[in-house]
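Features reported for this protein in Swiss-Prot:
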BINDING   8, 9, 38, 91  divalent metal cation binding site
């Protein structure tokens with residue numbers, strides 16, 4: 001099995017090394033950002049050149065975002081040797097609920113799926129110090145299942161693993177996870193103001209049975225969530241059919 005690994009914590013991150021170890025015996029390729037890129041979401045670098053450095057055999061660093069890394073991996077490094085699966089992680093912390101909108105880990109896997117390769121994003125929902133081995137082994141086992149039973153269209157599975165041994169898992173829906181909506185103002189030594197967003201990192205997880213948040217944080221099970229690449233809000237789409245925009249014709253004839 002040929003595997004492309006990436007992440008958003010950087011090419012030298014311990015979680016990435018653990019993931020590579022979990023695929024021992026497979027043909028493993030790594031293309032990852034050359035530095036920390038957490039919360040970079042699906043940003044892609046279109047207005048500057050990128051550099052690609054081979055730091056070890058089959059192990060590459062890109063001076064860009066997680067999306068850049070997977071794009072380069074699939075369209076350059078492995079252009080003539082398509083991988084069977086893209087796996088992103090192991091992230092240093094959870095990617096639950098609303099986190100997936102900001103996560104570079106999830107975005108790297110999403111880019112793989114958008115480019116036609118089944119993908120898995122895996123995160124360890126535990127504070128440091130991190131032991132990534134169990135999460136990496138679970139992700140590898142799941143990735144092998146994805147390859148063995150390929151879906152009709154490329155799939156993205158978002159995985160969150162609690163600390164310690166994985167005693168079980170659940171296929172879970174996204175929950176709702178929000179942070180303190182604060183902007184912290186400070187002053188630099190030259191008297192100029194600067195800001196941190198997000199406050200002190202206070203997190204609220206809504207209690208939603210069957211959600212990834214409940215599965216991981218309350219029940220201590222691994223959560224596997226299939227993420228849909230079509231962001232259309234279908235209920236609102238139907239509602240909009242009854243709307244009109246004054247002064248404009250709806251669906252005019254060509």
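Just so you know, glycine gets a Cβ as well, placed from its N, Cα and C.
DSSP assigns residue 8 (divalent metal cation binding site) to coil in the three-state reduction, placing it in neither a helix nor a strand. Of the chain residues outside the divalent metal cation site list 8, 9, 38, 91, 7, 10, 13, 15, 36, 37, 66, 89, 92, 93, 103, 104, 105 have their Cβ within 8 Å of the site's Cβ mean position. Cβ environment of residue 8 (divalent metal cation binding site): 33, 36, 37, 38, 39, 40, 66, 88, 91, 103, 104, 105, 107, 108 lie under 8 Å away, each six or more residues apart in the same chain. Within 10 Å of the C-beta of residue 9 (divalent metal cation binding site) we count 23 further C-beta atoms, all protein chains included. Residue 38 (divalent metal cation binding site) falls within neither a helix nor a strand when secondary structure is assigned with DSSP, and so counts as coil.
A simple Cβ count within 10 Å picks out one of the binding-site residues 38, 91 as the most packed, and that one is 91.
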